[in-house]
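Mind looking over this structure? Questions follow.
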Amino acid sequence: MVAGKVKKPGKRGRKPAKIDLKAKLERSRQSARECRARKKLRYQYLEELVSSKERAICALREELDMYKQWCLAMDQGKIPSEIKALLTGDEQKAPQSSSNKIPKNGKYGSSGNSQSKTS
């Protein structure tokens, strides 16, 4: 008893509205369908990402093998024709522009490579 009032035993607050059980089950099923669809899309994205990274790795391995072969040839005193072509090509292009140089991080900025091809 508080200030003359008698408390009733039981739950306090709002009583839950009577929710149709079938509607609740249907919302749950729909939510599960949407979750599975999101999961499927996420896995597809990750699989594409993995395959593109694997292709990049293969390309880099081939490039590394090429450089190894060049080094072996130079150790034997032979200069590969590809290196000769690079050296003669760089000597002619060097005075024209210095913007074609590759930055230290190996990536071109937004203006680096696109401008040199258009002009």
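Glycine is treated like the rest: Cβ placed from N, Cα and C.
Owing to the predicted nature of the structure, the values given are computational and were not obtained by experimental measurement.
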According to TrEMBL, which of these ranges is region 'Disordered': 1-20, 61-80?
1-20
Counting by DSSP secondary structure, give me helix, strand and coil numbers for the domain 'BZIP' (21-70).
50 helix, 0 strand, 0 coil
